[in-house]
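In what follows, a single structure is set out as structure tokens and then discussed.
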Amino acid sequence: MFNEITKSVMWNGQVLEISTGKIARQANAAVTVKMGNSILLCTCVVANKVKDGIGFFPLTINYREMAYSAGKIPGGFFKREGKASDREILVSRLIDRPIRPLFHQAFMHETHVTCSVLSYDPATPVDILAIIGASAALSISPAPYLEIVAASKVGLINGEFVLNPTLELLKTSQLDLVVAGTEDSVMMVESEAHLLSEDKMLEAVKFGFESFQTVIKLIKELAKEAKKPKFEMQDLYPSSLKKEIEKLFTKEVEQAFEIKSKQERSTDLALIYEKVLTHFVRDIENKKYNNYQIESALKAISADILRNKILEKNIRIDGRSTTDIRQIACEVGLLPSAHGSALFTRGETQSLVSTTFGTSLDEQIVDSLEGEYKERFMLNYIFPPYSVNEAMPMKAPSRREVGHGKLAWRAINPILPNKVQFPYSIRVVAETTESNGSSSMATVCGSSLALMHAGVPIKAPVAGIAMGLVKESNKFAVLSDIIGDEDYFGDMDFKVAGTSSGITALQMDIKISGIDFKIIQIALEQARLGRLHILEQMNKVISKPNSELSKNAPSSTTVKIDKDKIKDIIGPGGKIIKEICETSNAKIDISDDGTVSIYASDRDKIKIALDKIKAIAVEPEIGEIFNGTVMKVLDSGAFINYLGNKDGFVHISEISDARIDKVSSVLKQGDIVKVKLIGFDNKGKAKLTIKNAYKDHSSNNTKQKNNVKDDSESEQRRDTSKKRTWNEDNNTEMSEVITERKYFT
């Protein structure tokens, strides 16, 4: 019944198996990829005909994580997989980027590649298996997929590179790098790094590239036995068409590329295109040529002009040399109500960035195959149509926006303080207000500025730069700080972000084969010099975090209570904690180890909540002194309320050393007095003294002592890297707590 073909190889100590012919047999191509207990189904479907009027290659990649693959039922009301998660979008892009450049340039059949995780093993990198599976499916499909791609993941632990590290190992790794490529060259790199050098990053790319060569051989073996006949392809346009356009319109195109302004240049090129269409109107009517062929030929001529000018004259569209960076302008504090803000402008690319602080309650909850976890740092990249002068409606975040936001997140995340140093959740919003290349790297620069303006104690400023490449045979030029046309007509988009001492994020997409490691090394070094220049310009505006937080930022304090008292603070059904939150207007976060974090808009609200928590959590000891309120006066003494919810009795003899005939002559209901706990009667009721409390307080200047340890006197509107939570018993700094938390508002 099944004509199954299976190929396997030992890869990094595990069996990698790729098979076809058993599942999804009606698709043009389908493979299952297995490693450990992970199983992925990767399919490819290619439309038989090209849609009328289409002028691009409609390739769609969808990566799906099925909840059942990890033995889970999806959350939410409908209990089924819905729209793609950010993780699924990011992996879909990871698959797309090395594969898309390898199709025949004239191929325009609608193509869908779907990779579904059917069984999930956290010890295997399913994103890497998805790239391998997609490449294998395409290799046996009718699509003109020109070269085979494979991928690997690289970690750096204890100074050693680790191939395909598990999620657990990645927690201690200095590097999380994905590299994909063909037998001859690297096609794509995506990474987050903890301030690694250019040389170390290049070593990691080489390590990953060499590691997946075994997988390419495996896919070739499968394709040799299982591949289907490929579509026969013709040239994108007749060479005679290009020659005729060159003869008639080359000078006009050259003049257009002398214009430095993006908008003016685009307008001129659009007019030239209309002239070309008018010239060939009869040929179009006679169906000798179509609009797309004419447009493609004109773009090829534009590319030749731009590329030759760079290679032969070392001059770019805007007049810069290959290493020049566009003019930079930085500004902070534009938005007075935001906790931090910055405007970063580089040439015709601009990013307006804001920083907002929140509490633990504001952390992003992420539901993944590994389980639910929380993200304390969030970065949202927004690319509105007006940034490129397009009249389009604003929509939900696109895949591109999700991908660019994650790249900027990777660049910033390694330099953020931990939760002990800075207890807030952080949201950065970067809106691209102008775009002409490298908007994601402008986001990185603007985010660094906004975080420092907000007072976040980051380890060092971060900047990003996008590098490009023009390569013809043995001649090549690496371009610093590319603009949009250089990205479009060039051969590489290579983004590098980092501090003055090392790289934090790297993303590389190559559009042609034959890029060797020498070129990558040159690009990395040129990017380092460009990054240092950008950091120098940024540092002129702000070079270190502000010592104080914005007046609009929430205040916070952390206290430590006995774990046995957590239930008393929460109360039945959360009654007590809700009452505290309502009366104080504060938010309270209680950890299982007894750490209580309190957040509010000002210190007065925090004090109200803190006093109420102390009142419940404190177990008074004999000899301690408290502030108390006279609740009731009797002939024999007075009842005193202290610590908010505790009562005691002061006998008339303990009120004063002087003789008192009538208690009401000395104390009245509502009076605030100092009291000292001197013992308990046989019913457990507290016995208090006023006279000794005042004696001890004045003689020893006794400070109230509670078994609640807090830093409530430490104002959070300052350099929060100096914030400490102390345990008075041993005077050691409390370590960061990573536990399940209980949240109340």
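Here the Cβ of each residue, glycine as well, is placed from N, Cα and C on the backbone.
What Swiss-Prot lists as Mg(2+) binding site is D487, D493, and the listing cites sequence analysis. According to Swiss-Prot, the feature compositional bias 'Basic and acidic residues' maps to 707-719. Annotation comment: Swiss-Prot describes 554-613 as domain 'KH'. Look at Swiss-Prot and you will find 623-691 tagged as domain 'S1 motif', backed by sequence analysis.
Mapped onto three states, the DSSP output places D487 (Mg(2+) binding site) in helix. The Cβ of D493 (Mg(2+) binding site) has A466, M467, G468, I482, D487, Q507, M508, D509 as same-chain neighbours under 8 Å, each 6 or more residues away in sequence. In the domain 'S1 motif' (623-691), helix, strand and coil residues by DSSP number 7 helix, 34 strand, 28 coil.
When pLDDT values are averaged over the domain 'KH' (554-613), the model yields 87. In terms of DSSP helix, strand and coil, the domain 'KH' (554-613) has 32 helix, 17 strand, 11 coil.
Using a 10 Å radius centred on the Cβ of D487 (Mg(2+) binding site) and all shown protein chains, the other Cβ atoms total 18.
In the three-state DSSP reading, D493 (Mg(2+) binding site) counts as strand.
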